[in-house]
């Protein structure tokens with residue numbers, strides 16, 4: 001009788017071992033669920049965004065160009081504010097081309113703004129040429145020229161940056177000044193530096209192709 005009881009208990013223990021799942025299987029399932037619930041961080045490399053100035057790279061600007069799609073005249077712009085002052089957007093003026101992006105309303109010190117523009121839509125022979133204007137908290141205005149032509153047999157890429165006294169909006173007069181008279185820089189795949197006056201300086205780089213990136217850093221002199 002005792003042997004029969006022991007045998008029954010032994011069989012019951014074997015059955016329980018087979019029926020219950022192993023601890024390792026449960027923990028594996030839990031790890032899979034927890035990983036799937038981790039949110040994917042979205043990229044901040046979008047035109048119209050304000051990012052940390054230290055994170056402004058050619059790679060970010062290349063991503064912005066890619067988002068614009070298959071357009072043969074386009075530009076991605078990034079300008080890093082290390083001036084010690086906050087910038088406030090005035091407007092964007094286009095001599096040719098267009099943009100769907102609104103200039104960031106303000107750019108604090110140590111931040112950079114991202115922007116893009118493109119040729120006019122449709123089968124039209126135009127480039128993308130314009131000026132961006134930001135006023136500084138000291139009452140002066142930063143004008144930024146970008147020029148990507150349609151016909152490279154006649155024209156080249158050009159860019160410029162100038163600090164104007166007082167609050168100004170970008171317009172045809174500012175474009176003419178920056179393009180023709182204020183010593184613009186050629187987009188030649190090289191860095192160019194110059195003094196902006198008012199205790200500031202700039203350093204910028206522009207590529208020479210029709211799918212262009214323009215990166216500028218404004219800092220204290």
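Cβ coordinates are placed from backbone N, Cα and C, and glycine is handled just like the others.
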Need a hand: Swiss-Prot gives 96, 147, 149, 175, 179, 180 for phosphocholine, which of 79, 124, 129 is also on that list?
129
Identify the region 'Plays an important role in the hemolytic activity' range according to Swiss-Prot, selecting from 45-54, 85-94, 105-114, 135-144.
45-54
Pop the Cα-Cα gap between residue 179 (phosphocholine binding site) and residue 202 (site 'Interacts with the lipid membrane') into the table, whole Å please.
17
Measure from the CA atom of residue 155 (site 'Important in the initial contact with the lipid membrane') to the CA atom of residue 147 (phosphocholine binding site) and give the result in Å, rounded to a whole number.
10
Mind checking which residues of the chain, 6+ beyond the ends of the region 'Trp-rich region, which is important for the binding to lipid membrane' (147-162), have their Cβ under 8 Å from one of its Cβ atoms?
73-75, 95, 97, 119, 125-129, 177-179, 182-188, 194, 196, 202, 204, 206-210, 212, 214, 216, 218
